[in-house]
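Take a look at the structure set out below.
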Amino acid sequence: MAAVETRRVKNGGEGSHRRQERPVTFAEFGLDLKPYFTEFKDHDRPSTFAEFGVDVERDRPTVDTLVGPYRKFSKLNREEKIFLTTCLLTILATLGLTADRVAIVEAASDDFTFAILLLINILFCLFYVVNGVLGEHAYELFVFAFSMSVIFVYCITNFLETSDDSVELARLIIVCIFFPFQIGYSITMGVKYKRAKNLIFRTVGANLYLQDLCGNMYLFVDLLKVDLQLETSMVILVLDDGININGFEKIVLSLGLPLGLMWNILGFLALRFENRILVVLFLATGWILPAFITYKFIDLSMRWEEWPTKADKLLPTCIIVCGILGLIIRVFLVVVCVHLTMNFGHGLGEKVYGARKRTDTTDNLTTPPVRRRTRSRRYLPSRPFSWPQFSLSSSRQQPKPFPLDRLAERSLSGVG
């Protein structure tokens, strides 16, 4: 006992030895962190960043909405901010000049119809550029570039016909200065978004298969918007000839836009919730617009001789072009919808449009671990496993001993 006490005293005592190995605390430096762990939280839950003054939601680059994740305007780079700002100012200026043109032109003329059509397509372009940049929808930027090109050509041709109009001149100046830059840069930005897939990576992770499916889902949603744009343009062009349309066409056109909007919402909900019943209903009602377009093509072909000049044939030609584009978009919609339906079961709609996934810690606290089913005891061998008995062959027979006596006889005979 005396030797043990001497050893303790020599080493500074047991208490002092433990005190030297104890880690240093913040309290020894005058930092009292106890209020952060006792006053602002319960003892049975982990601490959060908000309790330490860190706003995680404010620092996040994206915002989750009902129609998918979107980037914040403050998180855009300088080029994207300049592009988006100039596009908004240019489109709003063109929209105002076009609205002034609608108020001046006579309602019975073709210029009024094309002005209304231009007004609707400018609104779609405004939506495309905002949604395409904030949501990184590459296909919407491509559609934006195509729509802006059509508006650019129309503004030039319309000014050549009415060169003495000051409103047309002001709109032409704005279009010629800003539209070429915006068309080229929107295509460049769309290609960059399609290759980088930054927002898709934040949404579904690093799984390349899910990234491709997410890109196809974005393509499907963008095609729905283009389909609605073409359907609206088709209705405006057909309604211009209000004298020659019959009662059947009036009923179809009056129900066309509401049914088209409902059809687009149905397609979005079918892929959002991965519901095959909604997909079947979506595909079963997708023939209505192609049927009307086919009927209108036949009607225009029978009445083609009623328009002797090229100016008279301009409106029917626009109807035919719009109908052809509508049929092409509708075929692509069906193909992409079938492809996405065949890949249901990955929870893609919930990842893209649903709530954020819970962390693994929360899942472990709420969900018990799943145990794998093992083989029944009657199928196990009766004796314990031993390494000498291990064999790769499926037969349970013991291996025969090697004939050492025959080997000895052969060796002796060879020597003799």
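All residue numbers here begin at 1 and follow the chain in the order shown.
Backbone N, Cα and C atoms are what each Cβ position is placed from, and that goes for glycine too.
Annotation source TrEMBL lists compositional bias 'Polar residues' at 388-398. Annotation source TrEMBL lists domain 'DUF7789' at 67-183, 204-338. For 1-20, 381-416, the entry in TrEMBL reads region 'Disordered'. Sequence annotations record features per position, and here TrEMBL assigns transmembrane segment to 82-100, 112-134, 141-160, 172-191, 251-271, 277-298, 318-342.
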For the transmembrane segment (141-160), which stretch among 82-100, 112-134, 172-191 has the most Cβ pairs under 8 A?
172-191
How does the domain 'DUF7789' (67-183) divide up by DSSP, counting helix, then strand, then coil residues?
97 helix, 4 strand, 16 coil
Summarise the model's confidence over the domain 'DUF7789' (204-338) as a mean pLDDT value.
86
Surrounding residues of the transmembrane segment (112-134) on its own chain - C-beta under 8 Å, 6+ positions past either end:
70-71, 73, 76, 80, 83-84, 87-88, 91-92, 94-95, 98-99, 101-102, 105-106, 140-141, 143-144, 147-148, 150-151, 154, 158, 186, 189-190, 193, 225, 229, 232-233, 236-237, 240, 315
Take the transmembrane segment (251-271) and find every residue of the same chain, 6 or more past its ends, with a Cβ under 8 Å from one of its Cβ atoms.
217, 220-221, 224-225, 227-228, 231-232, 234-235, 238-239, 245, 278-279, 281-282, 285-286, 288-289, 292, 333, 337, 340, 349
Can you work out which residues elsewhere in the same chain, 6+ from the ends of the transmembrane segment (318-342), have a Cβ less than 8 Å from its Cβ atoms?
213, 216-217, 219-220, 223-224, 226-227, 230-231, 233-234, 237-238, 267, 270-271, 276, 279, 282-283, 286, 289-290, 293, 296-297, 300
Helix, strand, coil: count each for the residues of the domain 'DUF7789' (204-338), based on DSSP.
111 helix, 0 strand, 24 coil
